Amino acid sequence: MKLIVGLGNPGREYELTRHNIGFMAIDELAKRWNISLNEQKFKGVFGAGFVNGEKVILLKPLTYMNLSGESIRPLMDYYKIDVEDFVVLYDDLDIPVGKLRLRMKGSAGGHNGVKSTISHLGTQEFQRIRMGIDRPKNGMKVVDYVLGRFTSEEIPDVNHSIEKAADACEEWLNKPFLQIMNTFNS
């Protein structure tokens with residue numbers, strides 16, 4: 001069984017914001033794999049299905065970004081999901097819009113959703129797909145930037161990165177994450 005988590009904030013006011021690109025990737029996977037995100041439990045919304053013979057759970061924590069671990073850990077405990085069968089997708093300011101970086105482990109890098117996940121799992125050793133949102137320009141505050149929407153010029157690159165993140169998740173169901181990293185980080 002595999003768990004794929006997208007980080008974001010709940011509520012219509014946060015839909016399609018930079019900080020919610022992880023949620024957008026989960027929506028793409030749900031559509032692609034015909035998985036309904038209709039279960040509400042563990043402080044999140046999730047759905048399960050079978051993809052290429054593998055049971056997959058897709059989760060969007062509804063705790064707000066900074067408390068994401070409060071949703072992830074109880075679901076992992078309930079379904080007895082090992083950390084190596086878990087991947088998290090989230091926004092990253094240090095990567096250009098439209099680009100991905102896959103990592104096997106690492107620090108939170110200033111991302112509070114990842115910090116919460118590390119805190120609740122008790123380890124930094126989990127797989128992640130970092131989705132580029134770039135840094136704010138013209139002196140804009142980071143908080144205003146990440147809670148802002150993508151520009152119309154960015155949308156094609158954003159859609160491309162969501163597709164690539166979904167492709168990476170699909171390949172991960174049948175291949176080691178390290179192999180997927182070599183493909184998608186090049």
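For all residues, glycine too, the Cβ spot is worked out from N, Cα and C.
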Q. Among N38, N112, N138, N159, which is the one Swiss-Prot gives for the tRNA site where Y14, Y64, N66 also bind?
A. N112
Q.
Measuring Cα to Cα, how far is N66 (tRNA binding site) from N9 (site 'Discriminates between blocked and unblocked aminoacyl-tRNA') in Å?
A. 9
Q | Spatial neighbour of Y64 (tRNA binding site) that is closest, considering only the recorded positions N9, H19, D91 and their CA atoms | A | N9
Q | Structural state of D91 (site 'Stabilizes the basic form of H active site to accept a proton'), classified by DSSP into three states | A | strand
(Q) Given the recorded positions N9, Y14, H19, N112, find the one whose Cα is closest in space to the Cα of D91 (site 'Stabilizes the basic form of H active site to accept a proton'). (A) H19
